[in-house]
Amino acid sequence: MGQDKKNLTAAAAAAYVDDSTTWESFGLDARLLQAIDQLGFENPTLIQSSAIPLAIEEKRDIIAKASTGSGKTAAYSIPIIQNLLQDESTEREIKSIILVPTRELSNQVSQFLEKLLIFCNSKIRLINISSNLSDQVINSLLINKPEIIVSTPAKLIQILEKNVNSNLINLSTVKNLTIDEVDLVLSYGYLEDLQKLESYLPIKKNLQTFLMSATINDDLNDIKSKFCSRPAILKLNDEDSNQNNLVQYYAKTTEFDKFLLTYVIFKLNLIKGKTLVFVNNIDRGYRLKLFLEQFGVRCCILNSELPINSRLNIVEQYNKNVYNLLIATDETNDFTIQEDEKDEGEEIEENKNEENDGKTSKNTKKPNQKKDKEYGVSRGVDFRNVACVLNFDLPTSSKSYIHRVGRTARAGKSGMALSFVLPLNEFGKHKTASLSTAKKDEKVLRRIVRQQSNNGFEIKPYQFDMKQVEGFRYRAEDAFRAVTQSAVREARIKELKNELVNSDKLKRFFEENPQDLASLRHDKELHPTRVQTHLKRVPEYLLPESARADHKKIGFVPFHKNKVHKNRKRKPSGRKPDPLKSFRPK
């Protein structure tokens, strides 16, 4: 099982592993131990060795703070399953609720739980009600009273309110409540849903609670007071282990030069490994994709307009190295702007101006734009082996920046983050390439630098050698002119149609034929209105000297080649001699 076992191994860095503890020391069920061994977990991580005994033996509530890749999911999943296996009750009841902020994360948590339940799935059943299932299918699954429910807060409340007068879903029997990525759950505006959930749960009884997050702040106090009693607070001090793994840069550039530099970076393969590019809106993502496609740079898009099945498949294929370049739309900025201003302590007048700007920007948003409110990629989703995070558009808050760069340098691996920053005096000079949020780039950068400095991290300025890049400018301008607003709109419609077809295939055909899933790709070219095939080839004279191929000098080559045939006998010049005149008698 060698190679498969390595592929299933959780992304826990060596710095997080607790070699002094074994899984057998927790007294886990044999079926659970067998599943853990099949996953390739040799030893528990530090957060697991601290949380699991407290949760199983002492039945304590757990509030855990640890970095991405430290094993937080297993830290709450294993105690939940162990307690359910020890439960001698024979009645089918809903006993555990796991809440996550996004549908993508709910899918990943469900897949991980299914691997842990592989040897005991007849006793413990699991349902992910945030998956793309109809209400009728979900209701039919809930009738069987699954022991574990994974959901987003909004979806769970929706089902509870629809079935308030029926006995379809009863949470009075729940013994465990888990909120994963609790800080993001709050920033997504789920606090009201959590308050509604309080009335459905047996909080005054023996309800065990897990609150897991990479950051812990004052916003957590309200949740802690509602759902926890005498919690054990675990903080894994892993800043030192992460500090040397992530290298952060920012580059000040103009609006159009963002596209120019991105073209040069990916066409010349200046970044080795997989890259995650963040943009601030959906149109921006398609504009960048159409721009890069003209140079033969293949990439795929991830945004809230795509069907959930397609989004999950894109993340899965990206993690399997099917794609090396993913353009993700981060639409969480609106939730964090005001929070970030309060946390960073900006001046009152500056806050007022920014709030007013925020209001006007909200009013100018396009109506009737259907988006999935439970979409999120900048935090929580497990992007594996990301070598670089490129902030093509700088986020509007330092919190969002932390969430983005947290997708790389995970689990002890090295990574790099590069952010493009637009100086204020360059804003609006290139209207087609302009973005409204870029007006505050310098202000946001100051907050980011200050916050990272307080945490012991450094963001270094990076200066591109524009003399080397200048030769590519005319090609970039030619390609950018082809990406018109109508081309972007047509690309969005075409992509949505393709993904709707793909989503239907994923839902039906590929469930029965998983081996054919590899044939479904999401990085197909969308083509702008004007296709210019010559742009896909980079002439050698544009390359820097270090990147040019070494050719032997062959000397001077004349324009006209002498027509000399070496193998043909040389003809005598002039007329042939007359044999009568040349004949001489002896």
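Every residue, even glycine, has its Cβ placed from backbone N, Cα and C.
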Legend entry - motif 'Q motif' per Swiss-Prot - which of 21-49, 195-223, 398-426: 21-49
Inset, instruction - Can you dig out which of the ranges 92-95, 132-135, 180-183, 436-439 Swiss-Prot describes as motif 'DEAD box'? - result: 180-183
Inset, instruction - Let me know the model's mean pLDDT on the domain 'Helicase ATP-binding' (53-234). - result: 90
